[in-house]
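Notes follow once the structure below has been shown.
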Amino acid sequence: MFKPKKKLGQCFLIDKNFVNKAVESANLTKDDVVLEIGLGKGILTEELAKNAKKVYVIEIDKSLEPYANKLKELYNNIEIIWGDALKVDLNKLDFNKVVANLPYQISSPITFKLIKRGFDLAVLMYQYEFAKRMVAKEGTKDYGRLSVAVQSRADVEIVAKVPPSAFYPKPKVYSAIVKIKPNKGKYHIENENFFDDFLRAIFQHRNKSVRKALIDSSKELNYNKDEMKKILEDFLNTNSEIKNLINEKVFKLSVKDIVNLSNEFYRFLQNRGRL
């Protein structure tokens, strides 16, 4: 009997109700090409194969090959890619949707890799606490860097809370099925790399004002504290709206506010040759 590997974070989804919930949430048609990350025993893969034109499955664990071979005997629209999902070049795969029970230890990096690649819709399984942070609104305890990094690029919603009993082996925590739809055009991010550095800097001190957070985390933007103080003094003189935002506590700013502030700060630094 196959034993899931702890080091790979393997918790196989075995409850057919939640498999169906994930597939239904993806609104699949016979025109859709789906990417799945993590084969497991193929229970989700089979439902995807029934409902989509083609299914790509990325799986790192070759010991699951018997399950893969059995599925490929039954369905001719499944292609298995043996490898690490974080290393596979997703641009070489022509999928438009993603449905997966993600290994939880790669939740964050694989989510942003997928968003960068682009897709029409994703339905992904996460730890429930992680999912709550993804959908959190400003002013709440779960609102943080992850919330803004995701919501500035996609609309997210929790579709279902999933109990440990839905998996084998049972994890110690609840999970959640999350629907993600890229929101291209909703927010304009001037420079993606700068924006991510800006988020890292300010959310290290989420309970402080943006001004204090930027000074205390100035190294994230490659400045020392004295340089950042001087830069912010000059920046504050640009307009009154910026002054209000920069003196507000980080966790109270909306996604829109943070995107706008990051863009203004980026342009300010660029115009003065400080980048």
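Cβ from N, Cα, C; glycine included.
Counting only residues at least six positions away in the same chain, the Cβ atoms of GLY38, LEU39, ALA68, ILE80, ILE81, TRP82, GLY83 sit under 8 Å from the Cβ of GLU59 (S-adenosyl-L-methionine binding site). The S-adenosyl-L-methionine binding site annotation in Swiss-Prot covers LEU13, GLY38, GLU59, ASP84, ASN101.
Each of the binding-site residues LEU13, GLY38, ASP84, ASN101 was scored by how many other Cβ atoms lie within 10 Å of its Cβ, and the smallest score goes to ASP84. Residue pairs drawn from LEU13, GLY38, GLU59, ASP84, ASN101, the listed S-adenosyl-L-methionine binders, are separated by up to 20 Å at the Cα level.
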